[in-house]
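J.: My questions will all concern the structure given below.
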Amino acid sequence: MTDTLNRRAAMALGLASAAGAALATPALSQDAAPATVRNNVSGFQMHAWRDHFDSLGKPMLVADTFSRALHYWNAEGGDHRIFPTSVPISDDLTKRGYTEIVRKKEGPSWTPTPSQMARYPDWKPIGPGPDNPLGTHAMYLSWPAYIIHGTHDTRKIGRRSSDGCIGLYNEMIAELFQLCPVGTRVRVI
């Protein structure tokens, strides 16, 4: 009986020591191995509006595809908000540069792009609702087929998962939708 208790005590002490060592080990930094990180990563790098736009007067958005975050500044530059996003799945699908919001739609319909139809000929347009890939709100950019929109599939946020669009949680696109009028300046980097 004493041997059994001693073995159990030794095992408990060993497990406690291992747990303590694990807690004392520092976590790996996000930049330790960026090539191996595949899921839900966002560095939320800080940006200043002056680094992207010459003047104030209209709200501004910077979609940072590297850190997978969308930065918003109001027309005065004082209100800065950061939203986690999904970004295009590849650099080939990522259009970078300056554009603006040209149209907004609450409860948007989705239509596959020509390139999506070539890859997936059975895909059909989807009206508003829980199956719609654009989520609850969409802000259309001056570039054809590029949209800042919501998503019902929250697993996509923080990942490279779109065919060119910038996706946000539905709650966050609803907030941004109210802040950004047509004419809001947008830069995708």
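Keep in mind that glycine also has a Cβ here, set from the backbone N, Cα and C atoms.
What Swiss-Prot shows for this protein is this:
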- 1-35: signal peptide (SIGNAL)
- 59-189: domain 'L,D-TPase catalytic' (DOMAIN)
- HIS149: active site, proton donor/acceptor (ACT_SITE)
- CYS165: active site, nucleophile (ACT_SITE)
J.: With every protein chain in view, what's the tally of Cβ atoms within 10 Å of the Cβ of HIS149 (active site, proton donor/acceptor), excluding that atom itself?
T.: 25
J.: Quick one: Cα separation, CYS165 (active site, nucleophile) versus HIS149 (active site, proton donor/acceptor), in Å?
T.: 8
J.: Can you count helix, strand and coil residues in the domain 'L,D-TPase catalytic' (59-189) using DSSP?
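T.: Secondary-structure breakdown of the domain 'L,D-TPase catalytic' (59-189): 22 helix, 51 strand, 58 coil.
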J.: Need one number: mean pLDDT over the domain 'L,D-TPase catalytic' (59-189).
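T.: On average, pLDDT over the domain 'L,D-TPase catalytic' (59-189) sits at 94.
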J.: Count the Cβ atoms, other than its own, that fall within 10 Å of the Cβ of the residue listed as 'active site, nucleophile', considering every protein chain shown.
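T.: Excluding its own Cβ, the number within 10 Å is 25.
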